[in-house]
Amino acid sequence: FVSSQVEILDWETKKQLCFLDKVEPNATIREIRLMFHKLYPRWYPARQSIKLDPKGKSLRDEEILQHLPVGTTATLYFKDLGPQIGWTTVFLIEYTGPLFIYFLFYFRMTFVYGLDERFTSSPHPVVNLACICHSFHYIKRLIETVFVHRFSRGTMPLRNIVKNCLYYWGFAAWLAYYINHPLYTPPSYGKKQIHFAVTMFLLCEAGNFSIHVALSNLRRNGSKTRKIPYPTKNPFTWLFFFVSCPNYTYEVGTWISFTIMTQCVPVGLFTLLCFIQMTIWAKDKHSTYLREFKDYPSHRMPIIPFLL
């Protein structure tokens, strides 16, 4: 075989950082990252973004040099992504915060509401139920992070953890403050509204978990090969017939049910923001599926069947 040469330039200055000689044509981008790491130890592979074009997308680890639109001398561009943190660690930090922050308000610590002992518990059973549901949701997320999720990308920029934690932790505090407030009033339609909401909540949680397990099963044995997700024998996965990201559909359903259960405006605003963000993610994922798979089901929508 004819060996290749790889020139790596800085994506901003276009200055040459290194020149790799006698690179095998079947070398992967991951192997090129490792070669680059030997020359520049401070830029470990997860911190590197290797591109064909300075403003283009990062090449995936499994892409092979000879399959790229380059000649015997390939010019690639390097961008420093900054310090990285593993996705498992990210999720554990993001989801543990809301779990414990909520309890500060649920137990009505004196430094939160500044009240005496007469107000240390709520007279409304729905407040206890809301705490159970909120805790269940984040405990489920933590269990999925450890035992279910398989991440296509191992890390994310460390700087993003602050922004993500402000979002999750901040909203948890905001919701908990109003739901557990001494002046909180229960839902207008009483037990019927609460029972309906709890049933909806549990169904959506079961659906969300089922989708995560189905997606995880697509990548058994550590495979990073992308596949089209299809419904399984589990009825909760049948939503794949209609949408590309049913995990987001169920997640939004979970927060809609929590809004109905608590009848609390801040929960409704949080649900709206969740829906907007998850719609953006779902549309992006849907577009990726359409781009990568020519036989992708044309009737699927990103997040809401037949609509969106």
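Yeah, the Cβs are placed from backbone N, Cα and C, and that goes for glycine too.
According to TrEMBL, the feature domain 'TECR-like N-terminal' maps to 5-80.
Taken from TrEMBL, the feature domain '3-oxo-5-alpha-steroid 4-dehydrogenase C-terminal' applies to 155-308.
Per TrEMBL, the feature transmembrane segment maps to 85-107 (among others). A Cβ distance under 8 Å defines the sequence-distant neighbours of the transmembrane segment (85-107), meaning residues of its chain 6+ beyond its ends; these are 120, 127, 131, 134-135, 138-139, 141-142, 145-146, 149, 151, 153-158, 160-161, 164-165, 168-169, 171-173, 175-177, 179-180.
Annotated transmembrane segment per TrEMBL: 161-179 (among others), in sequence order.
Annotated transmembrane segment per TrEMBL: 194-215 (among others), in sequence order.
Marked as transmembrane segment by TrEMBL: 235-250 (among others).
Positions annotated as transmembrane segment by TrEMBL: 256-281 (among others).
Across 161-179, 194-215, 256-281, stretch 194-215 shows the highest tally of CB pairs under 8 A with the transmembrane segment (235-250). Mean predicted confidence for the domain '3-oxo-5-alpha-steroid 4-dehydrogenase C-terminal' (155-308): the pLDDT average there is 94. Applying DSSP to the domain 'TECR-like N-terminal' (5-80) sorts its residues as follows: 17 helix, 29 strand, 30 coil.
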